[in-house]
Amino acid sequence: KPQLVASNDRFCRFLEEYCPVVTETYYPTIWCWEGRVQTLLRPFITSRPQVQYRNELIKTADGGQISLDWFDNNDSSYYPDASTRPTVLLLPGLTGTSKESYILHMIHQSEALGYRCVVFNNRGIAGEELLTPRTYCAANTEDLEAVIHHVHSLHPSAPFMAAGVSMGGMLLLNYLGKTGRDTPLMAAAIFSAGWNVFESIESLEKPLNWLLFNYYLTTCLQSSISRHRQILEKLFDMDLVMKARTIREFDKQFTSVMFGYRSVDDYYEDASPCLKLKSIGIPVLCLNSVDDVFSPAHAIPVETAKQNANVALVLTSCGGHIGFLEGIWPRKCTYMDRVFKQFVQAVFEHGNKIFSM
């Protein structure tokens, strides 16, 4: 059974009644239960539901643009009135977009419930051009704030929540820690967030983890910016950036410089959601596996979470990073997908029971 960490008895009872999956025994796929194997196999094993998006480009205050992919769900029989149709904002991981299988599954789950989804693609990685020499990072919440304001302004009467995966979850947590209760979001779901960036990076720099994950992700980051080399090389030594062989080296030469940090350590401290957890002012459910090399078990802020009545952690012993595969042949629904579906439905349909906490 997962470990449920929450100091608020009412929040616990709410989850037990309306999101019972968090109290059920999670049985990982027996032939790939190890965390790293789950992490590596999920993108290849899980199906990719068909989703038709409507793309929208919005302008930012600094002259840039953000790509949003909307799944309007206009055929919703539960919520035929678009003005009040519940809306879920989805934040993918480090180099992820609206095309990731885990995002497609979240939309598939939301579609069945009648909800609308919008995917926040970070700058420059979903095919759109960079209009300014700026991309994104886990600590800077300005683009996310702009997106949340934009979506809420389009549908001010619609119930509104968000779900973030991996770095998307870290960004969402950092936003919530900054805004407290001053947000139009009702609640949030966080999956496989890296709580302490120093510990995450140290774990990913161990030889086997570097070989399996770190080097690949570094090349993905480099690939995501190489298309915009012409505009970025006005500010950066791109040859040096492209020589990075670890995420830390990439962040030292590129990310921390772009966002004005004195050092990569200053950036990592600002990007670590564990330092913002006490300030979160809306209900948040966070799912992590203790065998996730991207977020080591000892760095999960269990004691800090107990000090905030708005926070609940669900910790599984297996599942890896965005894995949570279950069943003999885990093509379709994962444990993470079931947590997402039940929690989103609980918030939209029974949320009044926790908002009086």
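Yeah, the Cβs are placed from backbone N, Cα and C, and that goes for glycine too.
What TrEMBL says about a protein is an automatic prediction, not a curated fact.
In TrEMBL this protein carries:
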- SER166: active site, charge relay system (ACT_SITE)
- ASP292: active site, charge relay system (ACT_SITE)
- HIS321: active site, charge relay system (ACT_SITE)
- 86-327: domain 'AB hydrolase-1' (DOMAIN)
Rounded to the nearest Å - Cα separation of HIS321 (active site, charge relay system) and ASP292 (active site, charge relay system): 5
Spatial separation of ASP292 (active site, charge relay system) from SER166 (active site, charge relay system) - C-alpha basis, Å: 11
C-beta crowding around HIS321 (active site, charge relay system), within 10 angstroms: 25
Other C-beta atoms that fall within 10 angstroms of the C-beta of SER166 (active site, charge relay system): 26
Neighbour tally for ASP292 (active site, charge relay system), based on other Cβ positions within 10 Å of its Cβ: 28
